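Peer 1: Dumping what TrEMBL says about this protein:
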- 21-39: transmembrane segment (TRANSMEM)
- 26-474: domain 'Major facilitator superfamily (MFS) profile' (DOMAIN)
- 80-99: transmembrane segment (TRANSMEM)
- 111-129: transmembrane segment (TRANSMEM)
- 169-191: transmembrane segment (TRANSMEM)
- 197-219: transmembrane segment (TRANSMEM)
- 282-306: transmembrane segment (TRANSMEM)
- 318-340: transmembrane segment (TRANSMEM)
- 347-368: transmembrane segment (TRANSMEM)
- 380-401: transmembrane segment (TRANSMEM)
- 422-444: transmembrane segment (TRANSMEM)
- 450-471: transmembrane segment (TRANSMEM)
Amino acid sequence: MAVGVMDIEGGATSLPGKLTFQVFMCSIIAAVGGLMFGYDIGISGGVTSMDTFLIDFFPHVYEKKHRVHENNYCKFDDQLLQLFTSSLYLAGIFASFAASYLGRRFGRKPIIMSASIFFLLGAILNYFARDLGMLIGGRILLGCGIGFGNQTVPLFISEIAPARIRGGLNIAFQLLITVGILGASFVNYLTSTMQNGWRYSLGGAAVPALILLVGSFFIHETPASLIERGKDEEGKKVLRKIRGIDNIELEFNEIKRATEISNKVKSPFKELFTKRENRPPLVCGTLLQFFQQFTGINVVMFYAPVLFQTMGSGNNASLVSTVVTNGVNALATVLAVIMVDRLGRRFFLVEGATQMMATQLTIGALLLNYLHLVGPIKSHAVPLIVLILICIYVSGFAWSWGPLGWLIPSEIYQLEVRTSGYFCAVAMNMVCTFVIGQFFLSALCRFRSGLFFFFAVMNVIMGLFAIFFLPETRGVPIEDMAEQRWKKHWHWKKYFKQN
């Protein structure tokens with residue numbers, strides 16, 4: 001395979017390189033950071049629906065859940081219960097900021113290793129939790145692991161991957177998020193009937209953390225990070241290993257040119273926010289993560305068991321429904337891995353937004369007509385139809401805004417602002433996830449089915465954003481993104497000096 005770069009005149013030239021075993025294994029090992037993230041997303045909703053967990057930590061919610069005449073939409077409306085889910089993402093914001101600085105100074109590899117250690121400590125603390133303080137403390141440690149991992153892993157993969165297959169390799173991160181969610185739903189199903197089964201569910205987070213910790217000893221540091229920190233010979237050595245060739249001078253010179261510009265920048269965040277040329281990727285990368293969260297996906301991922309119970313399904317039936325939904329999520333992400341470097345990013349973004357909009361409208365209409373304030377849905381068909389619609393919705397997310405919300409921000413920034421720019425995208429993800437995690441159940445109580453109509457409108461807006469404001473990044477080397485895409489875009493070109 002060849003990696004395209006730009007020559008001095010701006011035309012395309014070809015750089016020898018291929019997908020090697022080292023690149024593949026480093027990408028898969030690093031992507032286990034996504035497995036950690038996915039496991040947590042999948043485990044929290046199932047745990048918060050377990051009666052034994054509610055009795056131990058939120059007995060007032062347990063009592064409200066089992067009241068015969070309790071408002072269907074308000075059974076789980078409790079700020080402390082929502083804080084259990086959302087506290088992780090609040091911690092993740094600060095952790096990703098720290099990782100953006102530490103990753104530039106010390107490299108990507110030690111940050112990935114640190115992510116696994118934080119996550120492992122959080123899993124252990126949650127397993128042994130005796131009170132709400134220990135539980136939230138464990139969540140904060142998990143959040144530090146998620147912040148370090150989400151900030152670093154997609155950048156790591158983008159920096160070592162050949163440009164022509166960068167999309168497919170990077171989506172391995174999202175694929176393992178979906179595998180983690182699916183695995184967590186299986187664990188929740190198996191532990192839901194055990195005494196203190198929630199401990200096994202929360203403690204199970206140690207498994208992906210241990211896999212990443214062990215694997216991180218075997219991955220290479222990225223050439224860009226090594227060269228940026230003045231380790232040119234080591235960078236060349238790694239380039240030869242991951243490309244499988246000796247002729248790496250063209251790519252080395254391209255990275256060297258970018259690092260020389262990068263090292264002149266003493267304050268990456270100041271450079272990011274004050275230099276006009278950085279505004280297009282900053283706006284697009286940050287909005288992609290904002291829109292990703294306001295597709296409504298975390299409503300499904302966090303609270304699917306709660307949502308199915310709200311519609312009248314029993315605890316086991318709701319967990320089975322969640323397993324089915326998460327299985328569809330994982331399978332649909334495989335399609336994105338295969339096709340994203342063939343059909344391009346924008347095709348999937350627009351198609352996914354359309355698919356999610358249609359299903360959100362239909363789910364909202366069904367709940368509006370069939371789920372009354374008190375009592376279960378009388379029609380046995382409606383929960384099944386909603387399950388099918390949620391599967392269609394999740395598949396639309398899984399091959400579009402799910403993986404591409406992480407991939408595109410990792411490939412659109414120049415090296416000098418790459419970690420700071422990507423931090424802004426990750427921070428937006430964490431802020432929005434915190435808001436949804438903290439306030440969704442309260443919003444469901446107040447706005448009821450109208451919440452699904454809100455997310456449908458958001459999908460329309462994000463589809464239009466992808467059509468008119470997002471350039472196609474497929475197959476373009478990271479260091480040449482400005483020349484080949486931003487400077488030629490009908491709107492963003494005005495932010496660049498024209499030659």
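For all residues, glycine too, the Cβ spot is worked out from N, Cα and C.
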Peer 1: Decide whether the stretches the transmembrane segment (318-340) and the transmembrane segment (21-39) have at least 3 CB pairs under 8 angstroms, with pairs required to be 6 or more apart in sequence.
Peer 2: no
Peer 1: If you count every Cβ pair below 8 Å, which range out of 80-99, 169-191, 197-219, 380-401 shares the most with the transmembrane segment (21-39)?
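Peer 2: Selected stretch: 169-191, with the most Cβ pairs under 8 Å.
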Peer 1: Looking at the stretches 80-99, 111-129, 169-191, 347-368, 422-444, which one shares the most CB pairs under 8 Å with the transmembrane segment (197-219)?
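Peer 2: The stretch with the most close Cβ contacts to the transmembrane segment (197-219) is 111-129.
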Peer 1: Averaged over the domain 'Major facilitator superfamily (MFS) profile' (26-474), what pLDDT does the prediction give?
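Peer 2: The average pLDDT of the model in the domain 'Major facilitator superfamily (MFS) profile' (26-474) works out to 88.
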Peer 1: With Cβ-Cβ distances below 8 Å as the criterion, list the same-chain residues six or more beyond the ends of the transmembrane segment (169-191) that contact it, or say none.
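Peer 2: That would be 23-24, 27-28, 30-43, 46-47, 50, 153-154, 157-158, 161, 197-198, 200-201, 204, 208, 301, 305, 316, 319-320, 322-323, 325-327, 329-330, 332-334, 336-337, 340, 398, 402-403, 406-407, 410-411.
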